[in-house]
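As written in Swiss-Prot, here are the features:
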type	residues	note
TOPO_DOM	1-10	topological domain 'Cytoplasmic'
TRANSMEM	11-31	transmembrane segment
TOPO_DOM	32-366	topological domain 'Lumenal'
DISULFID	92-116	disulfide bond
BINDING	95, 139, 140, 141, 147, 170, 310, 311	UDP binding site
BINDING	170, 172, 310	Mn(2+) binding site
DISULFID	233-247	disulfide bond
BINDING	286	glycoprotein binding site
DISULFID	301-302	disulfide bond
REGION	341-366	region 'Disordered'
């Protein structure tokens, strides 16, 4: 009798434990699944991938007005930024499509696009309400270079005299125009040059990542558009950034160095956490082999005067807007001297020595 009672207790305990373990497993599975679903950013395995996809979890419903609290910044000294706005005129055009106007482009329009001297949204078809410029192309990744060519042709035909520099960005790119103006202020728009995140495969002088955005000087734009009229360049590839880079090399447009005076990158093909957190990008990831200059992970990855970030979903667009233009630490004066070029000159000298052993030996002898 006692043994039967013990057996019953054992079975009851075992059954209860099994139920408990099952419920715990179910609960943790639901929690982990939810965490995976709300993860806003994933690794993008294509170096030439152009757009992120907003899921239902990270797609913002409605548009935010970040200018509503502008009174809080009325005492802020913007003299330098305002002066550069007049001195370095930038036309921005954003690559988008009919399906992305509400999901992506409207949030670009509500944030950084307001700081362009002129903003255009380029789509396959016209939308007078948004508005967009209709390029009369098809949608799809295989159409990206063709859309880029037609967009720059449209800008050249209609707005060439309205700006000095011409910036192309995606509808999931966040751009800090004030920092871009500082970078460009060191150069003449009559110089054949363009800037962006410089990649190295396939093009001798390198080419600029499409997702991080790139900016052409007035002379570079003129040469690019003319090259298609004279058949120096052609629509020979669907890979937008690489094809444009090859064309730029053919027409002798220089791939500029967009790093700051400390040698840190300003254009970024990913969101900040991918670059700031060591180990986020595995060493087998394509990114490490594509950078023209040695890539850095951790805080040294990114300039204090960063220009752009890519794969920015609609919610992160406003996160960046707040962090860049609204958040201020109390009691600090700006600590960085962007006009001191000694740091980058020294770094370029060291890189030249590493590439040229004879120069390195001569320097050590001196």
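Keep in mind that glycine also has a Cβ here, set from the backbone N, Cα and C atoms.
Because the structure is a prediction, the values reported are computed rather than measured.
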List the same-chain residues at least 6 positions away in sequence whose Cβ sits under 8 Å from the Cβ of residue 302 (disulfide bond), in sequence order, or say none.
264, 265, 266, 268, 272, 275, 276
Inter-residue Cα distance where the pair is residue 92 (disulfide bond) and residue 139 (UDP binding site), in Å:
21
How many Å lie between the Cα of residue 147 (UDP binding site) and the Cα of residue 233 (disulfide bond)?
15
Among the binding-site residues listed here, 286, 311, which has the most company in the form of other Cβ atoms within 10 Å of its Cβ?
311
Taking DSSP as the reference, which of helix, strand or coil describes residue 95 (UDP binding site)?
strand
From the recorded positions 116, 172, 233, 247, 286, pick the residue whose C-alpha lies nearest to the C-alpha of residue 140 (UDP binding site).
172
List every residue in the same chain as residue 233 (disulfide bond), at least 6 positions away in sequence, whose Cβ is under 8 Å from its Cβ.
224, 227, 246, 247, 250, 251
Return the member of 92, 141, 286, 301, 311 nearest to residue 172 (Mn(2+) binding site) in space, with distance defined Cα to Cα and candidates limited to these recorded positions.
311
